[in-house]
Amino acid sequence: MENLEEPMEETLSELKKYKGKTFVIKYGGSIMKNKKAEDAFIKDIKYLRKVGINIVIVHGGGPEISKWLDISGIETSFVNGLRVTDEKVIEIVEMVLSGKINKRLSLKFNLNGVNAVGLSGVDNKLIEAEKKYVYKNSEKIDIGYVGNVTNINSEFIEALLKNNQVPVISPIGCDVEGNIYNINADYAAAFVSSALDAEKLIILTDVEGVYKNINDPQSIIHRMNIDDINYYIKEQIIKGGMIPKIECCASAIKNGTKNVHLIDGRNNHCLINDILNYSGTIISYGSGIKCQKAI
C-alpha cells in the first residue's frame, strides 16, 4: 500500500471498527521536512475523520527551532537530550512552535477539508506544567524554561472533538504564575493520550520502529509489552535517545492508553498502512514477544 493514492472502500470499511475512538498522534519535527509524506499524512487524517475516528495531534519542531536560533545568533546546548532554554530561547521556541509550525499545520488541514484548530498548550490552560530539573551524576541541573506536565485540560479537548474538530497542539505549557515552558513533544502527547483514555497513541518517527540490532533493518521488534521494556533497556537493545521515548510510551499505557505505535513517518500514508498492517513497533500492556540479545 506504499503507492496508495486513495484508500479504497474496503480499506475504509476496515477502519470503521475504530469509529468513535480517539487516536493521539505525535507529529515530529524531523518528519515535517518531507513534503510528500506530509501531504499524504494530511490525506490520511482526512480519511480517518471520514470514518468517525477522533484525532488529536501534538507536534514537535526541533529542527525548525534550531534553524531560527541560528538565524537569531542564539547559542544553545542540550543536557540529557533536553534543550537548555533560557529567556531568549523560550521566546524563539514559542514563536516557532505556536506561531509558525502550529498555524501552518492547522491551515493545511483546513485547506484540505479537515476541520482543525491550532492551539498552544497555554490556551485555556490546555497543558499545565512546572519547572523541570535534570540530574547528572547526582548533580541537580537547572535547564531553564523546560517543564514537566502536571495537568491536561481534557474537558476542553473533548469539547472540541464533540464539535468535529481536530485539535493541533503546540507543546508549550504554563504554570500558575504564568511562566512558559518548553515541553518535550513525546511526553506531551503521552499525557494527552492518557488524559483522553485514547485507543492509540501513534508516534511518528524517522526510523521504522525499535530494532533488536540497529545495524539490521530486518530486526524490528514488532510487538512488546510494558514488562519487556526494562529487559530491553538492561540488555541494551533499547538505548540512547530511544530510552526516554519508550519510557513515555510505557507511561501512556499505564495511565489509560490502549496501545502505542511507533512508526516511520517518512513513508507515504504511514497512518493507514500502520493501522491495517501493524507496521513499526506496537507497545501494549500484554502480549509482548521476547527477543534474544542481538549478536
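Glycine is no exception: its Cβ is also placed from the backbone N, Cα and C atoms.
All TrEMBL annotations are machine predictions without curation.
Counting every protein chain shown, the Cβ of LYS26 (site 'Transition state stabilizer') has 30 other Cβ atoms within 10 Å. According to DSSP, LYS26 (site 'Transition state stabilizer') sits within a strand segment. The site 'Transition state stabilizer' annotation in TrEMBL covers LYS26 (among others).
Residues near GLY62 (substrate binding site) in space but far in sequence (CB under 8 A, at least 6 apart, same chain), listed by position: GLY28, GLY29, SER30, ARG83. Residues or ranges marked as substrate binding site by TrEMBL: GLY61, GLY62, ARG83, ASN182.
In the shown protein chains, 20 other C-beta atoms lie within 10 A of the C-beta of LYS245 (site 'Transition state stabilizer'). DSSP assigns LYS245 (site 'Transition state stabilizer') to a helix in the three-state reduction. Taken from TrEMBL, the feature site 'Transition state stabilizer' applies to LYS245 (among others).
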Find the longest CA to CA distance in the recorded substrate-binding set GLY61, GLY62, ARG83, ASN182; express it in Å as a whole number.
12
Integer Cα-Cα distance in angstrom, ASN182 (substrate binding site) to LYS26 (site 'Transition state stabilizer'):
16
With a radius of 8 angstroms around the mean position of the C-beta atoms of GLY61, GLY62, ARG83, ASN182, what other residues of the same chain does the substrate site pick up?
GLY29, GLY60, ILE65, SER66, VAL93, VAL96, LEU97, ALA185
Residues with Cβ closer than 8 Å to the Cβ of GLY61 (substrate binding site), same chain and 6+ apart in sequence?
GLY29, MET32, VAL96, LEU97, LYS100, ILE101, ALA185
Alpha-carbon distance [LYS245 (site 'Transition state stabilizer'); LYS26 (site 'Transition state stabilizer')] in Å:
11
